[in-house]
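Taken verbatim from TrEMBL:
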type: DOMAIN; residues: 36-486; note: domain 'Biotin carboxylation'
type: BINDING; residues: LYS152, GLU236, HIS271; note: ATP binding site
type: DOMAIN; residues: 156-353; note: domain 'ATP-grasp'
type: ACT_SITE; residues: ARG328; note: active site
type: DOMAIN; residues: 563-809; note: domain 'Pyruvate carboxyltransferase'
type: BINDING; residues: ASP572, LYS718, HIS748, HIS750; note: Mn(2+) binding site
type: BINDING; residues: ARG627, THR885; note: substrate binding site
type: MOD_RES; residues: LYS718; note: N6-carboxylysine
type: DOMAIN; residues: 1086-1155; note: domain 'Lipoyl-binding'
type: MOD_RES; residues: LYS1121; note: N6-biotinyllysine
Amino acid sequence: MLRFRTMCGGLKLLGIRRTSTAPAASPNVRRLEYKPIKKVMVANRGEIAIRVFRACTELGIRTVAVYSEQDTGQMHRQKADEAYLIGRGLAPVQAYLHIPDIIKVAKENNVDAIHPGYGFLSERADFAQACQDAGVRFIGPSPEVVRKMGDKVEARAIAIAAGVPVVPGTNAPITSLHEAQEFSNIYGFPIIFKAAYGGGGRGMRVVHSYEDLEENYTRAFSEALAAFGNGALFVEKFIERPRHIEVQILGDQYGNILHLYERDCSIQRRHQKVVEIAPAAHLDPQLRTRLTSDSVKLAKQVGYENAGTVEFLVDKHGKHYFIEVNSRLQVEHTVTEEITDVDLVHAQIHVTEGRSLPDLGLRQENIRINGCAIQCRVTTEDPARSFQPDTGRIEVFRSGEGMGIRLDNASAFQGAVISPHYDSLLVKVIAHAKDHLTAATKMSRALAEFRVRGVKTNIPFLQNVLNNQQFLGGTVDTQFIDENPELFQLRPAQNRAQKLLYYLGHVMVNGPTTPIPVKADPSSTDPIVPVVPIGPPPAGFRDILLREGPEGFARAVRNHQGLLLMDTTFRDAHQSLLATRVRTHDLKKISPYVAHNFSKLFSIENWGGRLTCGTEPDRNWAPSVARPLETLKRSWRQFCEVAKENGMDVFRVFDSLNYLPNLLLGMEAVGSAGGVVEAAISYTGDVADPSRTKYSLQYYMDLAEELVRAGTHILCIKDMAGLLKPAACTMLVGSLRDRFPDLPLHIHTHDTSGAGVAAMLACAQAGADVVDVASDSMSGMTSQPSMGALVACTRGTPLDTGVPLERVFDYSEYWEGARGLYAAFDCTATMKSGNSDVYENEIPGGQYTNLHFQAHSMGLGSKFKEVKKAYVEANQMLGDLIKVTPSSKIVGDLAQFMVQNGLSRAEAEAQAEELSFPRSVVEFLQGYIGIPHGGFPEPLRSKVLKDLPRVEGRPGASLPPLDLQALEKELIERHGDDVTPEDVLSAAMYPDVFTQFKDFTSTFGPVDSLNTRLFLQGPKIAEEFEVELERGKTLHIKALAVSDLNWAGQRQVFFELNGQLRSILVKDTQAMKEMHFHPKALKDVKGQIGAPMPGKMIDIKVAAGDKVVKGQPLCVLSAMKMETVVTSPMEGTVRKVHVTTDMTLEGDDLILEIE
């Protein structure tokens, strides 16, 4: 209490002290009464309101804020001592333009003076007059001066009378389009419209041709009316490539006027300043003198009081032209304060109190330039989308600070909501240093420290400006942005941490992003990685490949003593057992162990058929072990070249029908790329059974002959269903070894029947060089035979693999733990063992697992035996196919179709003309995947196809060539500049999957850094964990809470990230189904036109049925007091309009459809 009384007393004494400091009147000027100000209202919002509040607090003056209904959560009302609502029921901007409400609040709360800030009412003479009439001082020029300077036409006349040069223009505001047309006829183009009663780029439009005159006049009038309450315009000749130089002036009530030097505001877009510099770089001293003296002369001509700015254009010849006076404080006043050490707001208040400039210590001879200051306006605008304003909630805010950095902001804090109703300015960053270059360096460093998440900002663009050599040289004009397109080559913010939080929150609210076949939680513990020795791994077969090329590699394989193994754990094993769900995260963790301990392996199998969604294989995982890539008929040279560059070595080329033209195409592509060609023969039937005549031993020998003749380095037998019995192995492999004694033979099988180990041993004894195995804990059933079993069975024999058995055990232990993470996808959830009936149904291993899952998910679990039986019949219906992806899927689709519809083979064939067969079956019969051995089944083919077209010869041969350059351009337009060659090829082969992947990673970030349990299940409440983004960058995260549903169908999820509270909003997908929302424009549908930014629809120019041409205006959207014309991207007919006038839209909301 004692302290409180002492403070009160202190304030009272301060008031006495301030009262006693009334200035002595300067000679030769009128004596005015000094009236101290005790309470100031700021009739504005945002950072300028807070800037004035701070100055008032420093002077011991009480502060009052006003706010609109939309600004109840804004910081400026919290920074003031008092805050009052104005404009109840009015539109957001109109609330701050409602003079009666503002005056009423001022009178009711004993406000001595009102500071208008900038924008809104700051240059309205009627507001200054209303303050005066109400007995409240206006912190600014007199109403008459505001009127004269605010009317830019009258200001021109005053400038002319004062002898200040002006740009040719109208003498009064124009009242019609006709007057603008007359002016352009006299002076020619370009011309510029300007709002007569405001600035800041509002209502300002440059017109370059007669055709654009009417549209730009209408838009300028509308913008001026919305921003200033008066749509009056004047028009003048547009000076091209000028510098925009403005001079800060300050006057008192005694006739004293001085300047505080100039600011260079040439870096603009849409006539709005982006970066301001004081003083102007490389400005001729004589020109500086002319500019400042003309500014003071003009101010004296009109009897200017308080702070103001005189603005000029300086052409390339050094001639200057007056353009306007801003009778208020400017946004960029900060840079002047920094270089002159003059607090302009303090000065404004003191002048309004009646003090003179000399008494404030402000004399022209004392004003000196100290160094250089640069101000960057950080706005919530997206430079990549033509600076369209962005709105939303700031999820993360971290500013750049430090020596020489000043921040003026209001809404820049975590949790702040950026609305579409007001200016997009987020924070002003001011850097002060000894010279231009040093200030630019400080500013660049400060901007790099900023972290703003939740809304887009122009920071990447500002960083490009600050690094631009023309800017650093100080030689910029108003065309700087337009003439430097490289400024828009933006480096996107990584935003990794916030994206990961969004992913985790999404999983916590909506469950896993991948469908879960069965309800089984992942293991709560991560697999333990065995100890990896320090240093490089030992040499392996890849070293031979790099040294001697594919031919030398093949010789080394053939000459190797003992059996070589290929480990399929990284691909086919998890495809067969875990539905292809094993993540790169878990593969990378064990890779160093494999590299150090299994260098004697032939290779490690990686996923085939495509580049896995743009993910680049890391050769450092296992640098000495050869890595094969399975390549289907989609193979082509570019794909193979890029795959080889990314670390692939051996390319297993196969075709699901053993269709030779497809195989030869793939082999040629691999050979051209310099890879090891491993041509594969897909195996089916039983060569040891003389009754199985279609796929006889001679069939395989003849096909092998063709492949060897075509130049394969290695020959592979690909037994996808695990049909090779030991006797067949001996017969087939023995025959191949006899026929091709110098050719390496590689055998792939599945262990569905349980005889895989015996079969592979038989192959090895018959002359096979390489057989495929999987880690013990990932082997058996529909996977490959056990690695440990093969290693143990051959140990100490001529077939010894040289692989240490104890290392196999450690490897298996890791995968046993990893497999527990994928419990929801494990085939053992529905299938407890392999089954020897595979010799009858011939279902490939991976498909056997998938069919089992599908049967259970479709309620046919009890009928799986029928599915397998139908698979046999379907296979026979289609002519007894070789069953490998995709032919196996075709057979499987037909089998399930038959079971679902209760059809036998005979019934299906009899009703073939009436039945709607699965699409895959129809396309197979059309010839889309090639011609099967023995031809297509008749009459089934004719019955099903009827008049449908048929493909003759190799599928794809008739397709037009793919323009990869055009595809790359298309991908860059959609996904940004970071499109890689891997991306282009992925998109070429799997366009939908690639698009989904890019959208997923763009939304959720580097989810590969999350462990698998978190990825699938998300964290539990109160769980703490770490996420390593990269070496030396680790996130410490704690999940805190999930909120109830809000009105927008969202839940707020709270985390603690590196000790700081973070929260994200996640749409509850289930709740969203029950709520109505405006549809979004689909990016992939060309004719769907979406809102380019959040805002209000103020004009719709077309209706359903209208014909439109490319570039035609469709509608006008208003946001943050700026109007944007949405134009048609194409020619067509408007099919439907989804919006109405005055409708408020979010970004990408569907506006209309064109067809």
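Please read every residue number as a count from 1 along the shown chain.
Even glycines carry a Cβ here, placed using N, Cα and C.
Automatic, uncurated: that is what TrEMBL annotation is.
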Residues LYS152, GLU236, HIS271 binding ATP per the record - widest CA separation, whole Å: 16
When distances run from the Cα of LYS718 (Mn(2+) binding site) to each of the recorded positions LYS152, GLU236, HIS271, ARG328, the nearest one: HIS271
Integer Å distance between the CA atoms belonging to LYS152 (ATP binding site) and HIS750 (Mn(2+) binding site): 85
Closest of LYS152, GLU236, HIS271, ARG328, THR885 to ASP572 (Mn(2+) binding site), Cα positions, recorded positions only: THR885
Lowest local Cβ density among HIS271, LYS718, which the record lists as binding-site residues, within 10 Å: HIS271
Euclidean distance between Cα atoms of HIS748 (Mn(2+) binding site) and the residue listed as 'active site', Å: 82
Cα-Cα distance linking HIS748 (Mn(2+) binding site) and HIS271 (ATP binding site), given in Å to the nearest integer: 69
Env. residues of Mn(2+) site, Cβ within 8 Å of mean position of ASP572, LYS718, HIS748, HIS750 Cβ: THR568, ASP719, MET720, THR749, ASP772, GLN784, GLY845
Set of same-chain residues at least 6 away whose C-beta sits under 8 angstroms from LYS152 (ATP binding site): LYS194, ALA196, PHE234, GLU324
Proximal but sequence-remote residues of the same chain as HIS748 (Mn(2+) binding site) (Cβ under 8 Å, at least 6 apart): MET566, THR568, ASP572, ALA680, CYS716, ILE717, LYS718, ASP719, MET720, VAL771, ASP772, GLN784
Cβ-based isolation winner (fewest other Cβ atoms within 10 Å) among the binding-site residues GLU236, ASP572: GLU236
Rounded to the nearest Å - Cα separation of THR885 (substrate binding site) and GLU236 (ATP binding site): 71
Lowest local Cβ density (other Cβ within 10 Å) among recorded positions: ARG328, HIS750: ARG328
